[in-house]
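Copied from TrEMBL, the annotated features are:
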- A:30-53: transmembrane segment (TRANSMEM)
- A:59-79: transmembrane segment (TRANSMEM)
- A:112-130: transmembrane segment (TRANSMEM)
- A:142-163: transmembrane segment (TRANSMEM)
- A:175-194: transmembrane segment (TRANSMEM)
- A:206-228: transmembrane segment (TRANSMEM)
- A:301-316: transmembrane segment (TRANSMEM)
- A:322-342: transmembrane segment (TRANSMEM)
- A:363-388: transmembrane segment (TRANSMEM)
- A:394-412: transmembrane segment (TRANSMEM)
Amino acid sequence: MTAVPLTPVRRWILRTQSAHRERGATAGNIYFTVLFIAVVGGMLHKQLAVVFWPTHPNASRLAAASLVPILFGLLYLALRRFGPLALSRPAAAWLLPAPVSRRALLLPSLRLTAIVAAIIGALAGIAIVGHGAPRTLDGSEVALLASGAGLVGIALLLVALAAQAGGRWGDRLDAVVSLLLAAGLAGLVADATGNHPVAATGWPSAGTLVPLVGAVALVVALLFALAVRGLARTPNERILEAAKTAGTLFDSAFGMEPSFLTDMIERRYWAHRKLRSVRLPDRLPVLVGQDLLLVARRRRRLLWLLLAAALPVLLTEAPHWLIGLAILVGALLSASTAGGNVKTDAGNPVLLRLLGLTSRDAILQRMWVPGALAALWSALALGLLSALDDLPPGPWWALGLVLSPVGAVAAVRRARVGFVRNELLPLDTPMGTVSTGPLVNALVGPDALLLGIPALVAIAQHNELSWLTVLVQATVGVLGARAYVAGTTATDRVELHATR
Amino acid sequence: MDHPAVEATGLHVSYGSTPVLVDVSLTVPAGSGVCVTGENGIGKSTLLRCVSSLQQPDDGEILVFGGTPGATPEFWRAVVTTVEPPTWYPGLTVREHAELVCRAHGQDPSDAGIDEALERFGLAGHADAIPPSLSSGQKQRLTLAVALLRPSSLLILDEPEQRLDPEGRAEVAALLVQYVADGGSLLMASHDEAFAEASGAEVTTMESLSAVAP
């Protein structure tokens, strides 16, 4: 097969596109990006220092070792989620089916992704060194460690690339990496609960690092060359899928509409699942049974929720109100696991009309499972904190259980929010114009967590918990949920939104 | 209850400056079927949307079983419409969607004949699939199957023959005959004269419903 040379095609596209652009638009974009990074970096340099390079190393050996699978595991999973090899949507539509060299078409995308992976890997490496290594380390040693981490980033990209082209083993590897990530988180939690000394010793010298990093560089370079050779073998459908992801990502960013992306991930998840029809549970109200089925089919997410109940332990050194906030947000997130059906109904009421239930019945039934999830998660998280003596004595698990209506209202309210209203008036601030639509949209749902203020105050005060506080939280939660249901649903209306 | 199923008088609808319905009147007697035919863009779907209360006419009156159509649960327990396509629930299979609707109407799912209905609409092999993975014709058939499974008094169907193969059309027409024979009322729009005849509905054209000749 004769391949049409790609370079002239690309050059022609670029020329034609730039003919429609203003003169100097590209230079302007680069200028603004650099300026933005400089300004934000200048504003946040103290916070960045805390994250990447604290004044003294502050991690124990366990914590530093746990950070490795967490940071690099996240990088790998993100690479897998987004491709890693993607094309822009126009290129996927017009150039992929054209008789051009596949390798030449995909190489720029691979190059760009490799640079991004190397930078993220190096940053992760610097952060781990910054927290775990003694300040006696040379600049050259830090540079070697960072470049080694950058090379690991590229190596992960190459593995993800092979997984994108390959078969089922990619999914299995994802599961293994997820397990490693979970193990890393467990390590951090264990580090926070025990009394592990900060141990900034045992780092290799430059003499041992040079041959090591050199060998890694050689291996990565070899693998990269092999990957470029095999680039043409990446199946079309995988590239198309990744191109769709990239396109949706840009749509989400430009339209400031995160639901484009989350909906796509959700659709893709179910498209890959093989399901078997079951009978809906007989004894439960019909929509409760449906929510239960949905949650039961997301077992892996339930497992993550279970593990995440240990994460507030990481905040024991932080101000107490932050633990309270983490508990409330966790209740919202765990309740949202069952939010997919409300979201469908809020977006398009056709199935609700077919079901013929009142909006009040529908929402009441839809709050059961989120409420149960929020109650179990908060009780587990608070019970764990209390068992580890990070909280004063008291029935903290009960306080977690009565957060049930708070989580349910917040999750259902969040699921009903719909699209961002970009027609809302923008706010002019000294820092520039802020569009209020996405802000308002992001707050709908989490705002209902205000119903959890009694619990937040109890955790923040760090005093012994009385049953009276539990009772107050239960009452506020139930009254708030009643008010929410009464105010946003009706017995004479099927649709969730009051129409016209 | 001797109100007609649908009684619409003097309907006016226009999109911008384009009039779509001009003084349209329509009656569907209870327990009978009416099929509106006519070319594209003549306002069949608009008429059906108005009767389903999904769109407000600019002028005119609509009564469904003697009452004003609206978003009430009573209305949607009596009326089923396929004028708008549904968004399917996540992680719920074809069969479970059908069962969900039956259960919501208090039907025993084992007696409701779900499997027979899926078989009849050629979906038995796809019972474990999720609806978004079906072809557009299969989705249309699933919507029809679910609409016919649940109890109702009035069916409002917009071109139910669309995207169905010839056997499918004959099957659906036979089911509609049965639906009307069992006491239901039917209002549908169709392009296919033969299908309209086969469904036993009284065929009428959009032109004949309008008091003003276009």
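All positions are counted from 1 along the displayed chain.
Placement of Cβ uses the backbone N, Cα and C atoms for every residue, glycine included.
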Contact yes or no, the transmembrane segment (A:175-194) and the transmembrane segment (A:322-342), 3+ Cβ pairs under 8 Å, gap 6+: no
Among A:59-79, A:206-228, A:301-316, A:322-342, stretch most in contact with the transmembrane segment (A:142-163) (C-beta, under 8 angstroms): A:206-228
Leading stretch by Cβ pairs under 8 Å, where the reference is the transmembrane segment (A:322-342) and the options are A:301-316, A:363-388, A:394-412: A:363-388
